[in-house]
Structures are given as structure tokens and as C-alpha cells.
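*Asks:* Structure incoming, see below.
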Amino acid sequence: MGTRVESDEDGDNKGSMWELDQKLDQPMDEEAGRLRNMYKEKSLGVVYGDLGTSPLYVFYNTFPNGVKDEDEVLGALSLIIYSLTLVPLLKYVFIVLRANDNGQGGTFALYSLLCRHAKIKTIPNQHRTDEELTTYSRSTFHERSFAAKTKRWLEERESWKSAILILVLAGTCMVIGDGILTPAISVLSAVGGIKVNQPDMNSSVVVLVAVVILVGFFSLQHYGTDRVSWLFAPIVLLWFLLIGGIGIFNIWKHGSRVLKAFSPVYIYHYFKRGGKKGWTSLGGIMLSITGTEALFADLAHFPVSAVQLAFTLVVFPCLLLAYSGQAAYLMNNMAHSQDSFYRSIPESIYWPVFVVATAAAIVASQATITATFSIVKQALAHGCFPRVKVVYTSRKFAGQIYIPDINWVLMVLCIAVTAGFENQNQIGNAYGTAVVIVMLVTTFLMILIMILVWRCHWILVLTFTCLSLIVEFSYFFSVIFKVDQGGWVPLVIAGAFLVIMYVWHYGTLKRYEFEMHSKVSMAWILGLGPSLGLVRVPGIGLVYTELASGVPPIFSHFITNLPAIHSVVVFVCVKYLPVYTVPEEERFLVKRIGPKNYHIFRCVARYGYKDLHKKDDEFEKKLFDNLSMFVKLESMMEGCSDSDEYSLYGQEKELLPRDGLLNNNGSTFSSNVEFTINSIDSIVQVKSPPPHVSNNTVRSSGQVSSQTEIDEVEFLNNCRDAGVVHILGNTVVIARRDSNFFKKLAVDYIYAFLRKICRENSVIFNVPHESLLNVGQIFSV
């Protein structure tokens, strides 16, 4: 049914969202117009499915014990109208969506934006050259500005960096909770409508039907959102037109007095008359805005303009009509609050609406599942989630992914929630708790975005903060009263995922700190001589490390325990940056470590949190192409510059892929551009040599055998033909004996267990087993 591109098996993923963005930015291009129109249609299918199915269960969860009088219905409807206006429309569609990271949404996209504008990332693996990426966009501000003061204040306080990370992780965990609860409540509410027509049907039968649908739904996820959105977009559009039309019919049939709810005065009367009961009913009313956070998290799949246009022209008016129509029906049938949606449907179209409602509920589930996959992928890139398999389900669009492990965990938990709760009201209470916490997290991150990224005036920041927190804290305190009525479920689920993510990040951070503090000095390397005190055997050794600078301790551990090392050693650092993507022509940084006759290099492969790590053979080819280009340009530079100097303390030369110097395959060189030689102390701009200077003018000084002079590029090719070995460190982290109980529990048990069950680095890097060498190390934290 669909074409899959797997990160483990199929490396041919020719399309990219960066290329798509370039196409979408060309309004005169016919293909770009076709893609834009296609996206506007598909955004209805995946992004708004969750919001669209809320009318199935909002009034039931608001009035689980029935309605007393008309004013109660008008007050609830007024709250729904202004909740939809303030939160999804004004806050998310017109403000939060603008905070996307080059089209990427979700809490980690906001965190990436913040990491680029302030040094708050807890793993400091960034280099100043990373800031020169074309996708590393960030604002600059005056040092005396409020933004600059806020930036310095955050950077000087490690506790606040950790607090922001925990806030982001909490929001991510609640989105995962949404991915469990949305399918449960949406499908169960849709299928439960059959009891209106068949009142004698047992509730267990309804639950069984819902479970069967959910199993089928999760089993089809591997086909990807591309196929799913094409299949369901027409259904969701039909659903919105149906609920809007039914709403108009009910307003016409039961009276237009329901439109008085557009006056906010009825909100005041609702709380005045209802007291604590009216306050706690906010948990049910808040379900009218569920799916809003999925709208933002799913942004990676669709352009902002398509999402905004679909919401303002279709979704928002249809939802207002649907809720108004149900309220009009309830004002005349106050005993039908538990199934007001299905009872308000004209009898002649009951079954067609039931079928469309069930299909729309499945699409609503797809919205949160898609959001969950996207945000877990972002967490992976930030080192905040155990390594899991990521399957790219579309050759055209790299942002469309499927994560099998997460999918099956969600399915099991979703079925447990569906079958375990006694009624929809308890699921609704749980759902509301998860949604409101995600919204609060987004609000806190948006405050920092408005200060550091947008540099808004403090009055605007204060206005946004006050309005958002007043609305969301009102909902938050209302759902707190229902923690014992189902609200505990998302807290337990999110707590479990938060422990997993934070412990994994803690272990990753400690491993990085260990490598940083245990780096091998350049003086020690130079003291070993060109042979490194060993036999240099033909071949190339790719030593994988998390360090972007310095010699990792795994190297000294390797050469002190083995009698031989390869003729060429390349330290490979694969690191993810807080950007959505790194263009292919800027992906690799190549450095030389030590004198030429040592034949030691470093290659830093940089990825964004959306990028796909290609298959080993393609990655190797690009790595060696860039390495060869570096050697050629270095030799040409030496023909017209004497700036090649080495200090005993390890200055390193670095070739930066900038100004068009290197392309995708590293095969072109322009003699009219500049390239950069970067040392630890300074960056020296060196003009490229004139055209008459050949790369054969200067020969490599590296000698391995009795040959007196061999071109280094030819030497590299010969070593590559002799064989390439991938050397990976298998660092084991253990807690010190004097550590407290919680640290031992986190490191020796939770982190150790996660490392055992997650995917190995060799699988993530697509390293063939026949050329893999693991080097073990143990260190205490």
C-alpha cells in the first residue's frame, strides 16, 4: 500500500523536507502549487481529526449527571465558544504556530529554538562552526536589552537549564499520554453511539468493538501518514460538513435562543450558580480544545499556511455550529446529555453519520499518534530518549515516520485504558489532565520564545502570559479535583516516561562528561611518534566518539591493549544539532590531528533532529569524499601559504564546508572562493590558490613503507581498498559505591536496563557486523 524507507535497511531517501520547503517558497512553480494544495487538503485529515471529534463526548463529560436548566447549557456553550476562540484560534493558530522551527512543531522544536538563542543545552557538544550553518537561524540583540539579560541569566544558572529540560520532557511525556488516551476516548465515543439505536446492547460489546478497531488501527501504522492522510482527508472534510450541517438543522429546529451564548455574561452566571460543581465541570468543557497540541506537534507534516487556512475557513466555524446545535437540542431534551450528539442527528441520516463518525475517530487517533512519533524522534536527536528504530514511510517527505516500538507500547496501553475504565467520563478526566499540562508547558516555553527569539516588548509578553495562564490554570485546577476519578492515569504514564527519558539523558550526559574529562592529550600522541608505538597495518580505522574535539579515551584504551593500529585513523563524531536539518553540502567537518605522517583525522557528521542517517556504504562514501577533498585542498593551500604549523598541545586544522567549497559528494572546487583553516587559537582566512597551482604540486609527507613519496589521496584510497574497520566504544556507566540509593537505582538498574533493551549504536549507525570492533570501558559516576 505504501513505500517505506527504513533507516536501518533502505538508505535511499531521495526527498527531503528542505527541498520541499524550497519548492513551496516558489509560488510560480507548478509543482510547488500542486504540493501546497495537496498539503492543505491533507492537513484536514491528520491535524484536525482530534479537534473535530470532540463534539462526540464534550457535553457528556460536562454534564455526566444531567442538565438542570437552560442557563446551565448556555453557560457551558459560552465557555466552549470562548475556549475555542482563545486557545486553538488565537493562541495556537495565530501565535504558537509562528514559533515553529522551520516548519517543525512540538515542545522539542521550541526547545531547539531556545538552544540556538541561548546556551541552555545540557550536553555542550556544539562548536562555533555549527552556528555558521545556513539552517542555524537565530536572532541577535543588543547586550543591554532585556533579551540579552535574560539570556545571560539563564546561561549562568545550571539549575534553570535543568528545569527547562525537565519542563520540555514533561510536555513530551504528556503528548505521549495523549497518544494513548485520544484513540481510547475517540473510538469508544464513536462506537458507543450504536447504543442510541440499539439500547439493549451490552456495554462490553461496545468495548470489544472499540478494541478490535484499535488493534487494526495500530497494525496499519507502518504504512505511514502519507497513505493515511490521503485516505482520511475526504472523510474528515465530510465529517466537518456533517456536524456543521447538523448544527444548523438543530438551531433551526429547536430555536435560535442558543445563540445568546455568544455573550460572555453567561459564563459569569454559570460559575455564580454552579459553584464548585460548575468549576469542576471545566474539565469536561476543556475537552472541546483537545487536539490543539497535536495540531502544533503535527506541523512537521504540513505548512503553517495550510493549517491556518483549514482551521479558520472550515474547522472553527463547523465546530461552533456543531456545539451550538447540540446545545439547542439539550435545552429541549435535558435528560439526553450523555448521548446528545447521536440523539440530535436526524433519524434518516443516523447510520451514515455513525459510519463517518467512527472513521473520523480513527483519524483523530492518527493525529495524536503522528504527533507522538514526531516528538519522540526529536527527543532521540536531543539524547533524551533510548535508541529506537525509526522507519521513514515516505520517499518524498522525510518528516513522515513510524516508530514500531512506540507504536506497540501505545497500542497495549490504549487497549488497557479502553477496557479498564468503567465509562467514558473517567477517560475524559484522564484526557483533560494530560492536555492541560501540555498547554501549560507550551505557554512557559512560548514566554521564553517571545523574549529571546521574537524580542517582543514586555507588555506583549505580559499580556500573552496573563491571558494564557488565566485560562489554562483555570482548567488545570478544575482537573485536579478529578485526579481520583481517572485523572491519575496520564500522571502515572507521564511519570514513567519522564523517569525513562530523564535517566537516559542523565546517563548520556555523564558518558559525554567522562569522555571530555578523559581526553588524550596531543602531547602524548606526538610522543608516540608516527607509528603510535604500534604496527601500522593497511586499512582505515573509523573510531566513533561523541567528542567533536580532542582525542577520545577509547583510543588510548585501544592502542594500549592491542599491538597494531590501522594506517589511517579517522575519529568519527555523529552529532545532532538543535536545527531541523543540516544540508548535505554542510554535513561534514574534516580536521587533521597531528602532523601529516601520523595520518589521523577527525570527521564530524552533523545532523538535524529531522535528518535521516543513511546506510553505511553511502555514509562511508561521503565521508571519504570529504576526506579526500580536504587533503587535496590542504595540499593546494600549502603551495601558496606557510600557515601550516603545529603546537605541542594539539592545534588542529579544519576545513569548513562553506561558501560553496564542497558540494554533496565533495567533487567540485572553485578557484575563486575562500576557504578557512581553523586552529584552536584563531581562524585564518586563506585565499584559494590561483588556477595554475595544481593539487599535485605539493606531495604528502606521510610515509608508511619504503616508498619515499606517495600522494596522500592515493594513499588513502589504497588504505580504503585494504579494508575499513568500525571501532565503537561500549562504555558502561556504574554508580560509585558511596552513591545514594536513588543514584544507584537510576544508574545501575534503570539506565543499565534501558541500554540492554535499546538498539545498539552499531545498528543506529548501520555498521556491518563483519567490520565492527567494540572496545569496552567502565567508569563510575
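Just so you know, glycine gets a Cβ as well, placed from its N, Cα and C.
In case it helps, TrEMBL gives these features for our protein:
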type	residues	note
DOMAIN	42-525	domain 'K+ potassium transporter integral membrane'
DOMAIN	538-778	domain 'K+ potassium transporter C-terminal'
REGION	1-20	region 'Disordered'
TRANSMEM	73-94	transmembrane segment
TRANSMEM	162-181	transmembrane segment
TRANSMEM	201-218	transmembrane segment
TRANSMEM	230-252	transmembrane segment
TRANSMEM	278-297	transmembrane segment
TRANSMEM	309-329	transmembrane segment
TRANSMEM	349-376	transmembrane segment
TRANSMEM	397-419	transmembrane segment
TRANSMEM	459-481	transmembrane segment
TRANSMEM	487-504	transmembrane segment
TRANSMEM	524-544	transmembrane segment
TRANSMEM	564-582	transmembrane segment
*Asks:* Six or more residues beyond either end and a Cβ under 8 Å away: which residues meet both conditions relative to the transmembrane segment (459-481)?
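*Replies:* 83, 86-87, 91, 95, 276, 279-283, 286, 429, 432-433, 436-437, 439-440, 443, 446-447, 450-451, 487.
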*Asks:* Hey, does the transmembrane segment (564-582) touch the transmembrane segment (309-329), meaning at least 3 C-beta pairs closer than 8 angstroms, sequence gap 6 or more?
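*Replies:* No, the transmembrane segment (309-329) does not contact the transmembrane segment (564-582).
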*Asks:* Mean pLDDT, the domain 'K+ potassium transporter C-terminal' (538-778)?
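*Replies:* Summing pLDDT over the domain 'K+ potassium transporter C-terminal' (538-778) and dividing by its length gives 69.
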*Asks:* Under a Cβ pair cut-off of under 8 Å, which of the recorded stretches 73-94, 230-252, 278-297, 349-376, 564-582 contacts the transmembrane segment (162-181) most often?
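*Replies:* Of the candidates 73-94, 230-252, 278-297, 349-376, 564-582, 349-376 scores highest.
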*Asks:* Can you say which of 230-252, 278-297, 349-376, 397-419, 487-504 has the most Cβ pairs under 8 Å with the transmembrane segment (73-94)?
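*Replies:* If we count Cβ pairs closer than 8 Å to the transmembrane segment (73-94), 278-297 scores highest.
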*Asks:* At a threshold of under 8 Å on Cβ distances, which of 230-252, 278-297, 349-376, 487-504 pairs most often with the transmembrane segment (201-218)?
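*Replies:* Comparing 230-252, 278-297, 349-376, 487-504: 349-376 has the most Cβ pairs near the transmembrane segment (201-218).
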